Amino acid sequence: MTQQDPSTKEPKFIKNGIYRKDSVPVREKKPEWLKVTIPTGQVFTEVRKIVKEHRLHTVCEEAMCPNIGECWSRGTATFMLMGHICTRACRFCAVDTGNPMGKLDLDEPRSVADSVRLMDLKYVVLTSVDRDDLPDGGAYHFAKTVKAIKEVNPQTRVEALTPDFGGNTACVDLVLDSGVDTYAQNLETVRRLTHPVRDIRASYDRTLSVLAHAKQARPDVITKTSLMLGLGETREEIREAMADCRAAGVDVLTFGQYLRPTMHHLPVERYISPAEFDEIREEGMQLGFLEVVSGPLVRSSYKAEQIVMDRPGNLPEHLSHLDGGSELTLI
């Protein structure tokens, strides 16, 4: 009898029509370079306390990010807006899938802004689940959160890693005009692997068109995208993806190793060595990106603040207003 590939099984059903993926992590042998330390420390504990007290969701927890210990111990976190239930079911993602039925926490923008103040953050990354159940995909809520942060913390830089909003450029503009400093939308993988890696409603070309629109509409805003490696892509496909991103006006590109969250997700096809990640970065920099961050444990928001911080006086003219030098150092 042939056994079914666990990655093809449907997520488990739980109450209220919400589907939850198996929360038991995969126990697979990984290369030495993928080992991380267990999260500890006073700052890590304080950040976790603030997140819990304000009923916030972080992508650090929901997506089982391997950098949670390092980032939280630095006193920074990526906030995940609009709940922890995503309307899409990408086969790489550990976030729960279901129908949030239009529910939103209207106090969330203020709660996030207050948390940023309490944590004394100088650079904040906001992301969210996909909310196809909302007419605007959550764009207004996203923009409201950015504005709330800027009102309470006017010097704080804000990066918005948004859904594709179904390609609705009016929704993209709503976020762009909220005061955001960096606009990101993740390509996730190369063209050939977009399906089955991403939800069927996601599109390689749509993501590129959203990023291109963002750069055309607001040249002063940094544009950014991220890809996972180890899903079966070839080096030539990676080069093609980099060229596509550059043609769309993307400023910053990140590459990281795909890690399988549970047995319900796609398996890892290959572990890419740190040396190969370095080679990919060099190829990307030769294409003219502002920065290419490439490494096994890199995620789209990993050390995002340093992209600007490490370049005092060296930003292109259209981004020179973001030159904050050492002022962007986190607590």
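The backbone N, Cα and C atoms fix where each Cβ goes, and this holds for glycine too.
Here's what Swiss-Prot has on this protein:
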type	residues	note
BINDING	Cys60, Cys65, Cys71, Ser301	[4Fe-4S] cluster 1 binding site
BINDING	Cys86, Cys90, Cys93	[4Fe-4S] cluster 2 binding site
DOMAIN	72-290	domain 'Radical SAM core'
*Three-state secondary structure, which DSSP defines for Cys90 ([4Fe-4S] cluster 2 binding site)*: coil
*Chain-mates of Cys86, Cys90, Cys93 with C-beta within 8 Å of site centroid, [4Fe-4S] cluster 2*: Arg88, Ala89, Phe92, Ala94, Val95, Thr97, Val129, Asp130, Asp199
*With an 8 Å cut-off on Cβ-Cβ distance and a minimum sequence separation of at least 6, pull the same-chain contacts of Cys86 ([4Fe-4S] cluster 2 binding site), or say none.*
Cys93, Val95, Asp96, Thr97, Gly98, Val129, Asp130
*What average pLDDT does the predicted model assign to the domain 'Radical SAM core' (72-290)?*
94
